[in-house]
Amino acid sequence: MEKALILITAYLLGSIPFALLVGKIGYGIDIREHGSGNLGGTNTFRVLGVKAGMIVTCGDMLKGTLAASLPVLFSVHIHPLLAGVCAVIGHTYPIFAKFRGGKAVATSAGVMLFYSPFLFVSLLTVFFIVLYISKYVSLSSMLAGVYAVIYTIFFTDDIPLMIAVSLLTAFIFYRHRANIKRIVNKTEPKIKWLGRK
């Protein structure tokens, strides 16, 4: 029963739609009706600007970090990564936003922040290097995931981490399939650092 409660709580944490809340409370708009319609940090940056984008991205990451920490905080014998994955599912298919959520990147990163801080920092490094070169947030997210898979397979012996990272990366690619088509067609929007404040 305790295990089920932890997993349900993790899903509900992940379901908190920070992009929707920030858009409605802070700006009076439903972000699902603007930009890509995605409830995530990237769309928030594009539609509402840097400040709102940072708040949403940090909030989405925090969901993953808190969810992964639940088994430890409550001394429940369940793997933190499993709770973290439940939060990612909640973020992507949130019960509080008609199951229309984000693309799993920030919340997945938050899970890694709790479980493997070194991997988190190296992921962030890869993300920003690719972002600096390509100016594509989507490509940066996917290649950071590829790096994570390679790193966990060849440089760790943590089987649960390998499985979780592989599944999350595959899921991130799935959620970015429209972005992949736009990158191939050269119609994917590139980042613009200046936005509405």
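Even glycines carry a Cβ here, placed using N, Cα and C.
Per Swiss-Prot, transmembrane segment is recorded for 5-25 (among others). Listed as Cβ neighbours of the transmembrane segment (5-25) (distance under 8 Å, sequence separation of 6 or more from its ends, same chain) are residues 31-32, 34, 38-41, 43-44, 47-48, 52, 55-56, 59-60, 63-64, 66-68, 70-71, 74, 76, 78, 82-84, 86-92, 94-97, 101-102, 107.
The transmembrane segment annotation in Swiss-Prot covers 70-90 (among others) and is backed by sequence analysis.
If you look up Swiss-Prot, you'll see 111-131 (among others) marked as transmembrane segment.
Tertiary proximity for the transmembrane segment (153-173) is limited to same-chain residues at least six positions away from its ends with a CB under 8 Å from its CB atoms, namely 79, 81-82, 84-85, 88, 92, 103-105, 108, 111-112, 115-116, 119, 141-142, 145-146, 180. Under the heading transmembrane segment, Swiss-Prot lists 153-173 (among others), citing sequence analysis as support.
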Sort out the residues at least 6 away from either end of the transmembrane segment (111-131), same chain, that have Cβ-Cβ distances under 8 Å to it, and list them.
61, 64-65, 67-69, 80-81, 84-85, 87-88, 137, 139-141, 143-144, 147-148, 151-152, 161, 164-165, 168, 191
